[in-house]
């Protein structure tokens, strides 16, 4: 009896519905999509779903600021998010919203089951209240210093520096993030999920292989510090689902948000009619459930979520796959620098496959951060996709189309080399399955190098000029095209749009099992350009378009207004200036000048004479003697009527009596270069 193939349900974390998708979000959705596409190519039944996280105070307040209903705002955002993911070829079977009938039904059901099973506790608490806005403040709307590590400007539920969780009342120097007012303490009744009751189950589950080792180790710290009951209540006004039999009380967004996975799948089941919800979510489900998430929401997905499922009679996730953050050019994404790039802005300038490839080339199964270095991005895409892969097709297709009417040879020119490519499929498949995408890409590019070396050695452009060698030419070029086909099959999960164009050229579908049989005596289509090289100008234009536009520029005051920053120079221009630490050995008035002082500067073995216009600020020049300063040492000597000035000392200030000679920190020595 044959074994029944596993069925997979895969999710990404739900984007919050109060803003656009950016390239940080896209890392996760691309990672998951590559994995899903690979599983589908291997014959697995995969259902891939997501939704917008559409509840909470931030959405309520933003809608108020916009003068529209929250429902209207989240509907618009949902459409935009769906459009962005489609533009990046993310192959969701369903993209829904947590503000849905399915999600409300499931949230209510799970809450009532938890309550029936004794896992919901209610008690009166003291909570922070904004006296200006007349509202209780949810934890994300209180800021202050972390009670554990003392980091400033942290939210009221968890610290982004040390990862600790706590209640808003534990914050040091709390303030309302809504109005800035100092909050007051008021009493209110709240409902709590009894998370500590699931401690033993959670400790076993986290060590079962459901989490990466890095994550499981971090969770052990949380277990050792003790789990706390989880407040699942928010007071009106609040945009979300009202708790049954508790007027004016609402489910905290983090209760119904993960249930949104279930709600989106229920919506898909209702649409298709041939999917069974319980087959994937029931306690005895044999299907696999995978969540792709960022490391910032591990606490919710590895503690609250599995405990909620366990306590309400549902199955737990098979695996939670955690990834790191995205930086751009080695730094946090910045609107002012133009590196906070929206998905839609990227798509206005560049091909989605480019980013998919670059992320894949850097992703592993670890939770390390990924840096999107824009110069490296251009170089790698052009080098790998254009020069190594697409060029392999173009340099052979011309001969096949022109000389042989698009017909490939009836036998392989180098069966051993082709078999080497086929043998590589096993390792590449293992790397894709294990989410070690960067390793898979390295294996694929190593094969691409072999393919191009074969073509270089066979030199079809030379063979084409030799009489009587048509059969050799056809065989060589057919071999190159067959190797291109194998490479594109391996890359199909990563580059779906390019793969589609390659399939049109090859006149065949790219399937994992299909590469066992090469294309022999096969008709290919006329070759059309498959992929465009990235122009750095397009990347620069994308960055410019991403810079935050300020409709009403802030009025600049102070020194910057009086002396604006000059035009940008290159690093090479700056590097030409040689600044050195100098010791003022002697300082004197200059006879005949009421502005200049004559300074004798020791550069640690060389003495320079410099005339400087700082007399008005230093009426006693002898007070400068023995002091260290900074001078431009490679400035061309300037002949003055008082003598030759052999450099320039550095000073700040607008002039007159407001001139301030610059000095290095203690420890600097004469002659040291300033870099």
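Indices start at 1 and increase along the chain as displayed.
Every residue gets a Cβ built from N, Cα and C, even glycine.
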>> Looking at 15-25, 26-36, which stretch does Swiss-Prot describe as motif ''HIGH' region'?
In response: 15-25
>> In Swiss-Prot, one of 332-336, 337-341, 342-346, 347-351 is tagged motif ''KMSKS' region'. Which stretch would that be?
In response: 332-336
> Mind checking how the domain 'tRNA-binding' (573-675) divides into helix, strand and coil residues in DSSP?
Replying inline: 7 helix, 47 strand, 49 coil
> How many whole Å apart are the CA atoms of residue 159 (Zn(2+) binding site) and residue 335 (ATP binding site)?
Replying inline: 23
> Among the binding-site residues 146, 162, which residue has the largest number of other Cβ atoms within 10 Å of its own Cβ?
Replying inline: 146
>> Within the same chain, where does the motif ''HIGH' region' (15-25) have neighbours whose Cβ lies under 8 angstroms from its own Cβ atoms, ignoring anything closer than 6 residues to its ends? I mean 6 or more beyond.
In response: 50, 52-54, 56, 58-59, 62, 73-74, 77-78, 80-81, 84-85, 97, 325-326, 328, 333, 340-344, 346, 355, 372
>> Using the CB centroid of 146, 149, 159, 162 as the Zn(2+) site centre, which other residues of the same chain sit with their CB within 8 A?
In response: 147, 148, 150, 151, 154, 160, 161, 163, 164
> Helix, strand, coil residue numbers for the motif ''HIGH' region' (15-25) per DSSP?
Replying inline: 3 helix, 2 strand, 6 coil
> Where among the binding-site residues 149, 159 do you find the Cβ with the fewest other Cβ atoms within 10 Å?
Replying inline: 149
